[in-house]
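Visitor: One structure, as structure tokens, below. Some questions next.
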Amino acid sequence: MNTNIVILGTQWGDEGKGKIVDFLSSNSSYVVRYHGGHNAGHTLVVNGKKIILHLIPSGLLYPNVIGIISNGVVISPFELVKEIRMLEKNNHFINERLFISESAPLILPYHIAIDLAREKQLGINAIGTTGRGIGPAYEDKVARRALRVGDLKNTQKLSTKLKVIVDYYNHQLVSFYKQNPISYKEILKDLLKVKDLIYNMIKDTSAILHKAIEDKKRIIFEGAQGTLLDIDHGTYPYVTSSNSTTGGIITGTGVGPKNLGYILGITKAYTTRVGKGPFPTELFDDIDSYLSKKGQEFGSTTGRKRRTGWLDGVALRYSVKINSLSALCITKLDVLDDLKEIKICTSYKDVNTKKIYKDFPIFNLEDVTPVYEVHPGWMKKTSGIKKIEDLPKAACNYINRIEEIAQVPIDIISTGPDRSDTILLKSLFF
């Protein structure tokens, strides 16, 4: 039995973390977002109704759960308020159950303006950011000039700090990028409006979590993006601006490593990626079209079509090691139901030297091609199955092979978008 569970992505994001957090949250006391911003979209389907969350922890759809947005997250206060109101329209009232770290940096309009201006200037060499200001907000944090959530509590200090930062960014926007300046007065006015709505949520969230651990409360740490987008361990420079690996939890919450507990990596039964960057198993054929359509592979934040490919076992092993994973959860198994054969990449071959890579060559991904195993498809419906014994034999063989390649057990299998479409192979909180 585990007190705390970490849930993080093993690929390039979009693995289905939100559903699994939602599935496990009914038996937890806290759900914690520890990095990223509103560039991540977690899609939940409850009783057939779809809800997309970008900042608010997924577990808050349960009335007994307390949500924490910790210091590692960069927060747009305007997007946060929009999300709170969206949930209220869906009869989820969370104002007294959501706490926001006073140390979390704010994302403000000048971050978005500079993000878009940089991408425009880079042209075909653009990174492909979501344009939400995430990277510039993290830059401000590291440069020690960020406005933080706690600054909203003191209007005089807020206005003084804001003026300095707006002047700094307007100089770049006007002089270098030839863009229109951002209005200091408009930002301040808008901040003062939202301040009152979230004022009582602003807390020392590290202290809340330390007390929860002392009281042996159950905590879920909810990751955003995926391991291969980690700023240090991902496919740089086509990465996010935070640590999406296990290490990001420690710095992003103030919770020490011995209290993390069980670390669950989420992986699709195939692979997807949004935006630019290397993708060894990427497909450009009818299978790509099939996966996109059957898997509804369009970004919940940007609406962009996701690139699709076969499951990459080399990258998966890398994620297992980087994160010290306890186990895996396989999602979207049902998407593969109609395929006659299914491939798994087990190694890479360098197109120049012909060298075979069994481990993830982080610096050489542009120069490799996948080496595949071919497995028979099951050609039977698996969607909605809730017991492992009801899966087709070929599907079970596919799952067993993934376990062998990853060298960790698969404890959860998702067979559809609803929280009930889940096979639990090991007791976690239950």
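Placed from the backbone N, Cα and C atoms, the Cβ positions cover glycine too.
Since this is a predicted model, take the numbers as computed values, not measurements.
Swiss-Prot lists these features:
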type: ACT_SITE; residues: ASP14; note: active site, proton acceptor
type: ACT_SITE; residues: HIS42; note: active site, proton donor
type: BINDING; residues: 13-19, 41-43, ARG306, 332-334, 414-416; note: GTP binding site
type: BINDING; residues: ASP14, GLU15, GLY16, LYS17, ASN39, ALA40, GLY41, HIS42, THR130, ARG144, GLN225, THR240, ARG304; note: IMP binding site
type: BINDING; residues: ASP14, GLY41; note: Mg(2+) binding site
type: BINDING; residues: SER300, THR301, THR302, GLY303, ARG304, LYS305, ARG306; note: substrate binding site
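Are these features on the surface or tucked inside, and what touches them?
Guide: Over all protein chains present, the Cβ of ASP14 (active site, proton acceptor) has 29 other Cβ atoms lying within 10 Å.
HIS42 (active site, proton donor) carries a strand DSSP state (E or B). Its Cβ taken as reference, HIS42 (active site, proton donor) is surrounded by 26 other Cβ atoms within 10 Å in the chains shown.
Counting every protein chain shown, the Cβ of GLY41 (IMP binding site) has 18 other Cβ atoms within 10 Å.
Secondary structure from DSSP puts ARG306 (substrate binding site) in coil. The Cβ of ARG306 (substrate binding site) has 22 neighbouring Cβ atoms from other residues within 10 Å, across all protein chains displayed.
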Visitor: Using a 10 Å radius around its CB, how many other CB atoms surround ARG304 (IMP binding site)?
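Guide: Taking all protein chains shown, ARG304 (IMP binding site) has 13 Cβ neighbours within 10 Å.
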Visitor: Would you identify which of the binding-site residues GLY13, GLY16, GLY303 has the most other C-beta atoms lying within 10 angstroms of its C-beta?
Guide: GLY13
Visitor: May I ask which of the binding-site residues GLY13, LYS19, LEU333 is closest to THR130 (IMP binding site) if we compare their C-alpha atoms?
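Guide: Sorting the binding-site residues by distance from THR130 (IMP binding site), the top entry is GLY13.
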Visitor: Can you tell me how spread out the IMP site is, meaning the largest CA to CA distance among ASP14, GLU15, GLY16, LYS17, ASN39, ALA40, GLY41, HIS42, THR130, ARG144, GLN225, THR240, ARG304, in Å?
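Guide: It comes out at 34 Å between the most distant Cα atoms.
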